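Annotation comment: Swiss-Prot describes 26, 88, 127, 458 as (6S)-5-formyl-5,6,7,8-tetrahydrofolate binding site, evidence class sequence analysis. Here Swiss-Prot flags 224-378 as domain 'TrmE-type G'. What Swiss-Prot lists as K(+) binding site is 234, 253, 255, 258. According to Swiss-Prot, the GTP binding site annotation covers 234-239, 253-259, 278-281. The Mg(2+) binding site feature in Swiss-Prot is assigned to 238, 259.
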């Protein structure tokens, strides 16, 4: 984005397109008030107090035609999200009216905002750092209240503060090394000995490794668990999916092979988003369409974080059952013995002891599945600790891992007896990597790519 483009006054519809009670068209930039005033009949928006809502009408300045009756919010820089003048036009919801107002604003001199450009301006103007900007997107995409809690904490600056404090400590250490090298005669500056540098780098490494330990939980809460429901045809997989969803989304019949594809749905299990994948029954078949579904099922099984293997308690184990037991061995697997409301014929002695007996028909023990998921992935601990900072973003996790590797290189060098001044490079690299997380040292291409993932109007 060019410098000129960054200072344009931008506009976009900030509410989802479609019918609704309210639509919002947003403006941000130096000329936001003047452009809004040029299509507004009511109070002079350039003279009203900041953070006020003003009643009036949007008109076409060429024809004088009234477009809509509106409420206009005026917010003056720097006390706005973008730290620029911001105007929000609250219209009646609807595709036609919001689009008409948007086109009027563009004709009056505003530029159509790019995806995420309002948040990008907040970042460029110092209102938020990169982790906080990403948290805005996480709040929008949060599927559960727990995921939203983590995102809100990140928006509040908890991760930024931890990273910035660590970077400052590393910078202090680097400065001390520099002074010792350049001004060895200064007695009032503590000497950065090998032992002291090892102590400091181990402290930094321990802090970052502790943060990495939160990544598994944070990533699950942010992105969800990819969960494959597997089993031979007609054991109750689709019925289980519907039971967990509490609505009929999959085809449920008594005919084997009716689920010919992979069906995906999200469900909230005690704050954990599960991406449920109801797979076609895995069996040998001559039906080409069903064969494709079976292959997709095997792929879903390989990629799943969690496997729910459904067996039929009212029938003896089949070769297909045994094949699935072997295929899913070693994965995070929960074996579900369905149809326990019927006479049981399955050979329990051939199955692992930690299975869960359920009846999808009567809802028996369905709650135990939720408890087992909590046990498998969270060791029965609370999902979100109130004061903890969580890593949940893959970009952050990758950069923290690289920072730890750089610190390990410093410690390896110290163990080999390398001089302190030669280890500055790796310590400086650690400082730079952490800066990429907050955006202090992030390349322009990365920033552009990140904000392009946002929706229009945000």
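Including glycine, each Cβ sits where the backbone N, Cα and C put it.
The Cβ of residue 127 ((6S)-5-formyl-5,6,7,8-tetrahydrofolate binding site) lies under 8 Å from the Cβ of 81, 82, 83, each on the same chain and at least six residues away in sequence. The binding-site residues under consideration are 237, 238. Their Cβ neighbour counts within 10 Å are lowest for 238. Confidence for the domain 'TrmE-type G' (224-378), expressed as mean pLDDT, is 74. According to DSSP, residue 26 ((6S)-5-formyl-5,6,7,8-tetrahydrofolate binding site) sits within a strand segment.
Among the binding-site residues listed (234, 237, 238), 238 has its Cα nearest to the Cα of residue 88 ((6S)-5-formyl-5,6,7,8-tetrahydrofolate binding site).
The distance from the Cα of residue 237 (GTP binding site) to the Cα of residue 26 ((6S)-5-formyl-5,6,7,8-tetrahydrofolate binding site) comes to 46 Å. Residue 234 (K(+) binding site) sits 52 Å from residue 26 ((6S)-5-formyl-5,6,7,8-tetrahydrofolate binding site), taking the CA atoms of both as reference points. DSSP classifies residue 88 ((6S)-5-formyl-5,6,7,8-tetrahydrofolate binding site) as strand under the three-state reduction. Residue environment of residue 234 (K(+) binding site) contains 18 other Cβ atoms, counted within 10 Å of its Cβ in all protein chains.
Counting in whole angstrom, residue 238 (Mg(2+) binding site) lies 44 from residue 26 ((6S)-5-formyl-5,6,7,8-tetrahydrofolate binding site) by their C-alpha atoms. In the three-state DSSP scheme, residue 127 ((6S)-5-formyl-5,6,7,8-tetrahydrofolate binding site) falls into the coil class. Residue environment of residue 26 ((6S)-5-formyl-5,6,7,8-tetrahydrofolate binding site) contains 24 other Cβ atoms, counted within 10 Å of its Cβ in all protein chains.
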